[in-house]
Amino acid sequence: MIAIILNLSGFVLSLFTSIFAIILCLFILVQRRYRQNLEFFIYATTFFAVSLFSLLLFLLNVRSLRLDYSIGYDGDSIMCRLHGYFLCVTASATFNGYCLQAASRLIHIVYRQHVWLRTFKVHLLAVIFNWLLACFLMCPYLIFEDLLIYIPSENYCIIPFTNLPGKIYIVLSAFLIQFGFISLVYFRLVVFLHHSVVRNANREFAVVKSIFYTFLIMSTMGILNGIVWVVYLFTNYLYPMSYRLELLSYSISALIITVAIIILNPRIRCLVFVRKRSIIPLCQLAAIPIQA
């Protein structure tokens with residue numbers, strides 16, 4: 001019963017997050033303001049990655065629920081492995097998306113003189129490269145069969161907790177490298193803003209901090225998995241509900257990430273909640289000088 005409750009919770013959360021994220025993505029693109037502010041375009045692609053990630057989680061929960069209710073038993077197959085592979089790809093693309101956001105702010109603030117870097121074509125190529133890089137980095141999970149295996153008790157393919165190299169590689173390639181990059185960009189921007197006269201510096205600080213804080217929130221995705229993994233390493237005991245909890249934690253984290261992007265980023269918050277163009281958003285009032 002507990003296993004079914006965990007799966008149903010993940011089922012509902014992942015479906016809701018997938019729909020919510022794709023609506024936000026389409027909303028930003030329909031506004032067509034992303035060509036004037038390319039940051040919106042990067043956020044739209046990040047929402048798209050989160051939506052795909054949540055959709056794949058939803059399908060994993062469906063496979064598991066089919067086994068719980070004896071509706072069907074899919075078994076190991078190429079499609080099963082591809083499903084697990086693309087789950088890793090979308091997770092990597094989501095984390096890489098934050099690197100693109102950080103790089104975009106770095107170019108906008110520090111390297112404004114390089115106008116060609118602030119064009120839509122360059123940002124579009126960066127997004128395409130992001131997805132190609134994610135696919136390339138996750139190739140070992142297709143090449144080496146023991147890294148991504150079929151779990152009979154769950155009816156889907158995923159990186160097992162018992163596979164130490166597989167877990168280390170996903171953490172390194174999908175999180176630690178990106179965390180290091182964003183930390184360096186954050187430090188560079190903070191130093192630059194402290195020692196330079198930049199228009200709307202406080203707003204730029206807020207945007208940069210929102211990127212860094214949202215990425216830190218994303219790191220909570222692996223806390224539960226880390227606890228289960230450490231317990232297994234020291235006790236050689238794997239909790240029976242470990243994989244159910246893993247999917248549920250991913251679903252919760254994806255929803256938190258989506259909400260955090262809106263709440264922590266002032267530009268996205270204004271775009272989503274401010275409807276009338278004739279009304280000046282509150283977050284822009286501080287940028288208007290008061291004349292005596």
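Using the three backbone atoms N, Cα and C, a Cβ is placed for every residue, glycine included.
Database features (TrEMBL):
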type: DOMAIN; residues: 21-257; note: domain 'G-protein coupled receptors family 1 profile'
type: TRANSMEM; residues: 6-29; note: transmembrane segment
type: TRANSMEM; residues: 41-62; note: transmembrane segment
type: TRANSMEM; residues: 82-103; note: transmembrane segment
type: TRANSMEM; residues: 124-144; note: transmembrane segment
type: TRANSMEM; residues: 168-191; note: transmembrane segment
type: TRANSMEM; residues: 211-235; note: transmembrane segment
type: TRANSMEM; residues: 247-268; note: transmembrane segment
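The stretch in closest packing with the transmembrane segment (247-268), judged by the count of Cβ pairs under 8 Å and taken from 6-29, 82-103, 124-144, is 6-29.
Remote same-chain partners of the transmembrane segment (82-103), defined as residues 6 or more beyond its termini with a Cβ less than 8 Å from a stretch Cβ, comprise 39, 42-43, 45-46, 49-50, 52-53, 56-57, 59-60, 123, 126-127, 130-131, 133-135, 137-138, 141-142, 148, 156-159, 170, 173-175, 178, 181-182, 185-186, 208, 211-212, 214-215, 218, 257.
On the 0 to 100 pLDDT scale, the domain 'G-protein coupled receptors family 1 profile' (21-257) averages 84 in the predicted structure. Taking Cβ pairs closer than 8 Å, the transmembrane segment (211-235) reaches residues 94-95, 98, 101-102, 105, 161-162, 164, 167, 171, 175, 178-179, 182-183, 186, 242, 245-246, 249-250, 253-254, 256-257, 260-261, 264-265 in its own chain, all 6 or more past its ends.
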